[in-house]
Amino acid sequence: MTAVGLRAPRPRIRPASVVTFLVMAVVTAFVLLPVAIIIFTAFKPVAEVNAYPPTLLPTEWTLDNLIRILEELPFARLALNSVIFAGGVTLCALVFDSLAAYALARIDFRGRGVLLVLIIASLMIPFQATLIPVYQLVAELGWINTYQGLIAPRAADAFGIFLLRQFFLALPRDLDNAARIDGASEFRVFRSVVLPNVVPALMTLGVFTFVNNWNDLLWPLVFTNQAEMGTITSGLTLLTGPGGIIPYGVMMAGSLLAVVPLVIGFLFVQRRFIDNIATTGLK
Amino acid sequence: MTAPAARAYRPPAPLGGRPRVRGEGRRTLTALAFLAPALLILGAFVAWPMISAFRLSFTDASGFGAEDWVGLDNYIRVFTDPDILDAMVNTLWYTVLFTPTAVVSALLLALVLNSPALPFRGFFRTALFLPFIVSLAVAAFAWSYLLDPRLGLVNYWLQGAGVQLGDVLEDPVLAMPAVALVAVWKNFGFYMVIFLAGLQDIPASLYEAARMDGAGAGRRFTNVTLPLLSNTFAFVLIFALIAALQAFDQIYVMTGGGPYGHTQTIVMEIYESGFRKLDLGFASALSYVLLIATLLLSVVQFVFFGRREKDLG
C-alpha cells in the first residue's frame, strides 16, 4: 500500500505459487465456513434462517437472535461464570505451576528426579478417568455448584509445570546465581530475576489454559447442576431442547457471544502465542 | 546436547564453611515449599482420585452410602456388555477416522505454509489455527446447522453437485464420520503449527545438498523432510490418538451418542453410567480401561521419544 511496501524486494511470482495460493484460499474459506455461518446466521431474521434454499449472507440484518439468547439464558451470569472459572483456573495454575517448575528446574534437591517422573507420568492420565472420585471429593467438600469446586481441581496441572520447566531450564544459570550471591532469598530470585524472563511462556500457558477451560463442556456439566452456575459453553447445550427442535438463529447468536471474546483476545496475542506453542517443550 | 540436570544449580559453599549436607537439607525444604501448592492439588485431585477410582472399580458404588465389594464383576461387564463393546468399536472407528485425517491434513498444510513462495503465509496460518480456539461444542452447533438435511448449506451445495447426503447425523453410517470431521476441523490447526515448527528446524543446507545431488522435490521430501520430521510426527500422532480416545463434546452436542448408539464412545459411556445412571463402580472400571489404553499409547510415545526425554533430563 505504502511507498515502503512497493520498494520491498519483490519475490518472483511463479505460476506454481499462484496455484498453491488459490488452493490455500479455497481451503481456508472452507475452514472458516463454520465461523462465517455462526456470524451471519446470528444476524439473520428467523424467516431467513429457515428459508430454502439456504444462504450464507443475510439479506436483512437483525439483532433479534441476540436479544432472544439474552432472554432465554441468564447470559450475563453464564459469561461471568465462564470468566471466573476460566480466569480463576488460569491465575491459580500460573502461580502454582511456575512455583513448582522453578523448584524443579533451578533448585538442586533430593528427590527431584522422582517428583519430575511422577509429574510427567500424571500428564498421561485423562481427566475423564478420575472424574468420578474427583466428583465425589468435590461433593464431600460441599463444593458442587461453587466456583471453588470448578477451579480447585484444576488449580495446578502437570502440563503447565512441564512446559514452564522447559523454559526455566533454558535461562542462563549466572542470572540467578548472581542474585543469590548478593544475598537474595530463593523466592526473591524466583519473583524478581527468573519470572520476568519467562513472561512469553507464562502468556502462552495462560492463553492455553484460559481457552481450554472457557471451552470445556464435560467439566462444567459435571460440577454444576444449577443453570445459573453453568458456563457459556455448558449453558448453550441447554438450547437443544428435548424435542430436538433446534432454533439455529438463537444458537448461533449464543455461539457468537461465546466465541467473540476469545477470538478478539486471540488476535491480539496470536503471533507470539502460535510461535510459543510451536517451540515450547517440543524442541 | 549435555543433560541440563548436570548443570543444575549448586550454590557455592558458604564462606563460613558450614557442612554441605545442611545446605542440601535447606534446599530440599525450600524446594518443597515451592512445590507444595502444586503437589497438594495434584495429590488431592489426580493421585488420590486414581487410587480411589481403582478401589471403586471393584465395588457397586452408587453414590448413596452403602457399597459392596463385587470383585472383577465390573471389569467382566466392561468386556461382555454388548453396549460397551459397541462403544469400544465406535471409539476405535472414530480414532481411525479422526487420526490419519487430522495428521495428514495438518502435515500437508504445514508443508505448503512452509514454502517461502506462498504470499500471505501469516494470514493463512492464523486463519487455519482459528478453529482451535473455538469450542468443540460451538463448532458442533455450527456443523449441525451446515449439515442439516433441509437448512444446511453444505448439504445444499452437495445436492447441487449431485450428492444426496440426507440427514447425516441420523444416519447410522455417516454420523460418526460427521462428528470426527468436526474434531478434525477443530484440531488440525494445532497439529499444523507443531509440524511447522518441526519443518523450520530442518537446516536449509540439507535441502541444498540434496538439490545439488540432483534430488527432485519428491525425493527431497522422502529423504530429507520425512526422516527429520519423524520425532514431530510421532508426537503429533500420539497427541491425536489420545484426543481421539477422549472424544466427548461434539458427540454430546451433535448426536448425543445416537442414532441407536452408533456414535456412543467410551467417554460418553463413562459420563452416562457415572453421572446419569450413578453406576459409579462400573463407570470407574470403564475409566480404568480408558486410562490403561492411554498409558499403552504413552508407552509407545516413550519408545519413540526415549532419547529426547533423556536429553530433556
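Numbers here mean position along the shown chain, with the first residue as 1.
Using N, Cα and C of the backbone, Cβ positions are placed for all residues, glycine too.
Since the structure is predicted, the reported quantities are computational estimates derived from the model, not experimental observations.
For reference, TrEMBL has these:
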type	residues	note
COMPBIAS	B:1-18	compositional bias 'Low complexity'
DOMAIN	B:88-301	domain 'ABC transmembrane type-1'
REGION	B:1-22	region 'Disordered'
TRANSMEM	B:28-51	transmembrane segment
TRANSMEM	B:92-114	transmembrane segment
TRANSMEM	B:126-146	transmembrane segment
TRANSMEM	B:228-248	transmembrane segment
TRANSMEM	B:285-305	transmembrane segment
> Given pairs 6 or more apart, does the transmembrane segment (B:228-248) have at least three Cβ pairs under 8 Å with the transmembrane segment (B:28-51)?
Replying inline: no
>> Let me spell it out: take the transmembrane segment (B:28-51), skip the flanking residues so only those 6+ beyond its ends count, and list any with a Cβ under 8 Å from a Cβ in it.
In response: 291
>> If we skip the immediate neighbours and take only residues 6+ beyond the ends of the transmembrane segment (B:285-305), which ones have a Cβ under 8 Å from one of its Cβ atoms?
In response: 50, 53-54, 57-58, 74-75, 77-78, 84, 231, 234-235, 238, 241-242, 245-246, 266-267, 269-270, 273-274
